[in-house]
Amino acid sequence: MTMQVDPSANSSAASSAAPGTTVDRAEIEKFSKLSQEWWDPTGKMAPLHRINPLRLQFIRDAACRKFDRNARSLNCLAGLRLLDIGCGAGLLCEPFTRLGAQVIGVDPSASNIAAAKLHAEKAHLSIDYRCTTVEDMDVRERFDIILAMEVVEHVADVGLFLDRCAAMLKPGGMMAASTLNRNWKSFALGIVAAEYVLRWLPRGTHQWDKFVTPDELARHFERNGLGITEQSGVVYSPFGDRWSLSSDMDVNYMVVAEAVG
């Protein structure tokens with residue numbers, strides 16, 4: 001079988017988004033179809049389960065440094081309001097709730113939110129899940145920590161999305177985001193390898209031209225008075241079959257942004 005993949009085939013040209021919105025309906029439909037698979041560590045969400053401990057560690061440690069907490073404490077985030085935007089079925093909401101945070105998880109997919117509520121109920125966790133979008137939230141709500149993990153490459157308007165996120169951040173708060181860099185290496189590894197060769201992800205999960213470079217992300221933050229204070233790449237090693245944090249941000253990467261000045 002001949003495999004042909006072109007970056008232009010992974011284009012957002014056919015985006016089903018209306019002007020002035022962050023919502024891409026095609027993206028919502030794509031992830032809604034996976035709603036029953038979010039919590040299966042061996043299913044289509046397996047890659048997310050593999051990197052989830054690294055995401056949790058990166059955000060927890062940054063938050064503990066920011067808010068002067070002991071990262072070894074089981075309740076290290078007690079008293080902090082955390083908003084997880086594009087929460088899916090709650091893979092980050094649940095561990096952060098266990099760390100003591102008051103967690104609000106939002107997702108535009110009703111089926112994702114239903115799966116999240118059901119799993120939280122079975123785990124006896126109290127999490128405020130809402131089927132909504134960032135632009136439909138009340139901007140008067142304020143949060144100590146806002147997460148946008150593996151989300152910005154799926155929204156229709158990255159600038160508008162981050163503007164709305166920043167508007168809900170408390171003074172002295174922090175925002176964490178993760179996405180994929182945009183270059184030929186990320187196309188080769190993030191799309192060709194992950195979706196076509198290794199088949200870690202369903203084909204069409206990502207669109208290469210919607211990946212966001214660290215410089216682009218930094219400019220969006222700067223426009224909102226935020227600066228990147230921490231950053232890390234997330235890399236896979238076939239030797240040992242494991243993911244780890246790295247200074248290599250060519251493909252997957254995470255950042256923390258805080259108010260500057």
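Placement of Cβ uses the backbone N, Cα and C atoms for every residue, glycine included.
What Swiss-Prot lists as region 'Disordered' is 1-22. Feature annotation from Swiss-Prot assigns compositional bias 'Low complexity' to 8-18. Annotation comment: Swiss-Prot describes R55, G86, D107, M149 as S-adenosyl-L-methionine binding site.
Sequence-distant neighbours of R55 (S-adenosyl-L-methionine binding site) (same chain, six or more apart, CB under 8 Å from its CB) are L92, M149, S178, M254, listed in sequence order.
Listed in sequence order, V106, D107, P108, A148, M149, E150, V151, H154 are the same-chain residues six or more apart from G86 (S-adenosyl-L-methionine binding site) with CB atoms under 8 A from its CB.
When Cβ atoms from all protein chains are considered, those within 10 Å of M149 (S-adenosyl-L-methionine binding site) total 24, not counting its own. Residue environment of D107 (S-adenosyl-L-methionine binding site) contains 28 other Cβ atoms, counted within 10 Å of its Cβ in all protein chains.
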